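Remarks on the structure that follows.
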Amino acid sequence: MSKTGPQKVELEEQATEEQQRRGVSGPTVQVAAGAPSAGLPGANAPSTPATPMPPASAGPAAGEPAFRDVFAHTVKPNQKKNVVIRGLEASFGCVLHGEYASNEIRTAKYTLLTFLPVNLFEQFTRVANLYFLVIAILQFIPGLAPTSWFTTVAPLVIVLTINAIKEIVDDFYRHRSDNEVNNRTVLVLEEGGKETPVPWRDLAVGDIVKVMNDTEIPADLVFLSSSDAGDICYVETANLDGETNLKIKNCFSKTAGKHLADELKEFAEDSVIRCELPNTHLYRFEGAVMKRADPDAAEHQLPLTADNLLLRGCSLRKTDWVVGVVVYTGIESRIMMNRTPSPRKVTQLERHMNILVMTMFILLFVISALMSMGEIIWQKAHARDDWYLEFTGKYPDFYPSFRGWVIGVVRWVILLNGVIPISLYVTIEVVKVFQCKMIYDQDREMYHAETDTPFSCRTTNLNEDLGQVRYVLSDKTGTLTQNVMGFVWISAADHVYGKKTCESEGLPSPSHVDPKTPHSIALDPDLIRGLGLDLEILSRAAPTKSNKSMRGHANVIRAAAAGQPQPNPDLERFMLNLAVCNTVVPAISDDGHYVYQASSPDEEALVTGAAFLGYRLFSRTTDKVVVEVLRTGEHLEYTVLAVLEFNSDRKRMSIIARCPDGKVRLFCKGADTMIMARVQPTQPRISNVRMHLEEMAQAGYRTLCVAEKVLPDAAYEKWAEQYRAACVALQDREGKVAAASEAIEKDMDLLGATAVEDKLQDGVPEAIENLLAAGIGVWVLTGDKVETAISIALSCKLFTEEMALVELRERDFEGAKDEDELKAVLTSKQEEARMEQSRLDAELGSGRGSMVGLVVEGGALTRLLRAEYPALASQLCDLCTSSKSVVCCRVSPLQKAQVVRLVQRERKAITLGIGDGANDVSMIQAAHIGCGISGREGRAAVMASDYSFAQFKYVARLILLHGRAAYKRNAEVVWYAFYKNWIYNMVLMYFGFLTGFSAQPLFTSGLIAMFNVIFTSAPTVAFAVLEQDVSMATVLSTPSLYAETMLATRKGFLLEMVWWIVLASFHSLCIFFLPMYSMSTPNKSGNYEDLVMIGTTVYTGMIVTVNLKIATRTRYWTWVNHLLIWASIAIWWPYVIGYSAVFQVQPIAGTADMCSVAMDIMAGPRFWLAGVLLSPAMSLLPDITHMTFQRTFAPKPFQIYQEIEWKRELDAEMSKRLGLANPAPPRHDNHHNHHQSEEDTQA
């Protein structure tokens, strides 16, 4: 997308959008030395990479040159590293470099030597892990810990091991990838005709290499020659920017055709390549080839541009081989300079968890301090008089004192450390992985069969944030629209063509054009006649049909032109301009189709439309464009002299060529404001074209203007000298080239304008309507003209006819010079919005919410989002968020990211950014949640996203269904984790009241360690993956249900946690005191149950209660829920029986206390009545009572819909039983239905 600076820059519709999709930034203009050159606009794609990173050589230090000299050599020097160096590199995971960077790369994180310390260090940077490590260390201090170290170390080791295994698996694949890449071979050319295979790791700067077809470029190379007769090659840059279309690269003209080291020896000995220092610019390169003897002589300097640079990671296509000299290697190559980790995004739930952890830690310390104080008080009354306590007054049994209090605090902290659940973090991670891989990725409703594109979770960290999205900020082209461009209208010869079609006029359609083609311009009968073609003859059967130009078309069109008058000269000039002024590369497929390789769908549409009408781009090389005029069979050759490429500042492209008539012409197309400002102002055609452009924009089409100019030879030669000097400049080359281009692109003749249609994707209006109904703000950020953007917004129901539109245009601020004046304009717009809302309330009735749509122009954003005016940004946010929908037009990628950050900063709201092109990457990464559309713009947006899919309509299902469910489930997981651990630790605290506050544990080590690991974790995972409060059909048909999670706040979350803690406190009282006092009397043998027996009974009550608790919270039961809940309870009995029998078989330390306990307590009724039945029943009675009263007297919205569903199911069942009807069984949508069989999940 174009970049709008402080000065007024008007961004026009198609030009800006074309640049947006390619992400072009900054002028890169080319001219070959000794021979002209051409290139695709895609060759100058985004200068701002998807993941930018400061270059290693950001700039030269004082006194250092701002460039490097590369000397090619035809005998490869021996620079191999010895075994010792290789071993040290492998051990420490590093690469040693010499004068230049080694070409060996390492992306792996660990080695065998570094894995343990590095991984442990990273894991213990998590506060929770560090907390439990400190607890474990304290437990190892003799006489200090009331419990065995095993109770903390065992769960901690399990947590660390799970994370370590995950890291090992990930890093294994990194190591394998590194080894595969570093050991690939490439041919190095040496004297004597030798082509030596050399591993990539051993390549060095200055090596001359030969790369074969369909292989990757091993390092950044200056392109010297290729097998192609036109001295070009085709590369695919998907690994760099995600673009899958092929791009042309041109070789250095002086070495063209040379492919042996002996042929290049003279070049290597006489020349030096002077190039810029390593940097991150993927699509800019400033360099020159100079004579070694006199490198500073201007007459010997031949320019090198990005067009001559083959970047590491690109793949060579459609070219047998290329030869190049290595200029950047390894970490200095462009692809490695742009590597950086994606920003870590933290969900709101994680922040809530952090607050809970800190709160619990403070509470733990307070409880420990109070309990230790109680111990001191108790000791003062008993320590000296009760001789059997054996107080020594020495560590650790100090007499009552401050030292004794400190020891007591530490003991209680160790005993109650479980108030912070160590299992929570692992459980949450496991749950999120299951949610992503088993639900989202397998959801067939988000699979796009036409493109075979499934939904893909690229991160598992953000699931619950999907349930709190307040604003969706979307790109337009390729995201809301199909990005399948159709050439529909032209303004040429003072008329608009394309409004009529042969079918609408009752005429036969041209047989060589598919009637359903998106390029409907080729079906306009008036245009066909104006180009000198007989429509009746043209409608006769063609050899084949296709929506592409084909070989058979020439005969059909030539026959239709026979005996017809000559075409309108203005129309022919227009069509020839479209065929010449582009960077499309034609090719012929095996079945005879003309296939156009274009980086821009717009250019492909224009060239295809021109071909349908008889002006076919036949071939393109670096110095020649051939256009076939099908009506005569002529091949018009245009010798390319210079290509002034499209970029975000220029918003236009030009080709200077010597035409078949011998004249030099400049062909130009671009944004209407750019072209209109550079044409001769006295042309009468200008007013007509302006009127036609307005009509095109109102129809929602994307527009470009077309112009040309004849250049006298003397004027061209004079300009060419200035241009060549600018192209070889090593300082500010871009600025000098831009100035030279500006000098020639003026006083042009306006030929007309084009209109391209980009239709909406299926389901977009319905998706936006559902999002708005859910209360989610939907904003569209686009580079289109205002009129086009409004038209699309109306089509997709972002705006409706009954809404009032308020426009915030750049022209509104023309007279504003300072902050006060800018604020006055903004305030007037706010007042306008309020007045419109009041008017609509009066006309339509209040209670409908905001009915004002806001349109903001990029130039206005430039003025209002300046860093020195924070108050204006806040006021702008107020205006935007008070509107129902917002469309921002003519905005740059930077402004997209600024708008996202504005909403985040001012509203503290969760934002979701969605786009499909490289220009959307900054917005996707700035948003809390980034979604990438897998479309025609390559995979740059997908690679930067958190979730990727094929169609915009899936975002509604992702947010409203899966996001809502994820937040509710995951929040419940957090509450439940703290709930069950609170019960466990309160029981220990109550026991302290009976033991003189002595931090005596109630349970043995084997029970303490396994509580969270075995008996209470699995049901949580099942609940978080499978639970549904209402059916999926109800959720999707009732978007208002989303408000429950969207409006959830931290206060509400913490208050709910307090309620869970209150219930947990009551549960712990029942669980502890019922068994304690029921078992305090002698049994039938006259014996008292000992401490371990009571503890085991209490433990049994805890296991049953906490598992029944999650059962009461489960609404949607599957066999998995049943299995895991009841198995978690049932497994306790074999475990405790086995644990009690261990000491009898093998006297293992720590098991003696449990010897025979299980059978002894199970033999009496008090265990079963107090521990298994009464404790859970009394504990859960308040829960069930509260749930019943709450559902009856204060039901939540989802509970109302539950009742509706149950009533529907009941009615159907009753009707069936009574024989009143025989309805089909009610549909009950659920995740389980999505995965009924493995076959069903396959697309």
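Backbone N, Cα and C define each Cβ position, glycine as well.
Please treat TrEMBL annotations as automatic predictions, because they have not gone through curation.
All protein chains included, ARG890 (ATP binding site) registers 31 other Cβ atoms within 10 Å of its own Cβ. Summarising the annotation, TrEMBL assigns ATP binding site to ASP475, LYS476, THR477, GLU603, PHE646, LYS669, ARG702, THR782, GLY783, ASP784, ARG890, LYS896, ASN919, ASP920.
TrEMBL lists ASP475, THR477, ASP916, ASP920 with the feature Mg(2+) binding site. Within the same chain, residues at least six positions away from ASP920 (Mg(2+) binding site) with a Cβ under 8 Å of its Cβ are ASP475, THR479, PRO893, LYS896, GLY913, ILE914, GLY932, ALA941.
The compositional bias 'Low complexity' feature in TrEMBL is assigned to 32-48.
Annotation comment: TrEMBL describes 99-153 as domain 'P-type ATPase N-terminal'. On the 0 to 100 pLDDT scale, the model's mean across the domain 'P-type ATPase N-terminal' (99-153) is 84.
The helix, strand and coil residue counts that DSSP assigns across the domain 'P-type ATPase A' (182-249) are 8 helix, 34 strand, 26 coil. The domain 'P-type ATPase A' annotation in TrEMBL covers 182-249.
Taken from TrEMBL, the feature region 'Disordered' covers 1-62 (among others).
Annotated region 'Disordered' per TrEMBL: 1219-1243 (among others), in sequence order.
Taken residue by residue, the domain 'P-type ATPase N-terminal' (99-153) breaks down under DSSP into 26 helix, 0 strand, 29 coil. Closest to ASP916 (Mg(2+) binding site) in space, going by CA atoms and restricting to the binding-site residues THR477, ARG702, ARG890, is THR477.
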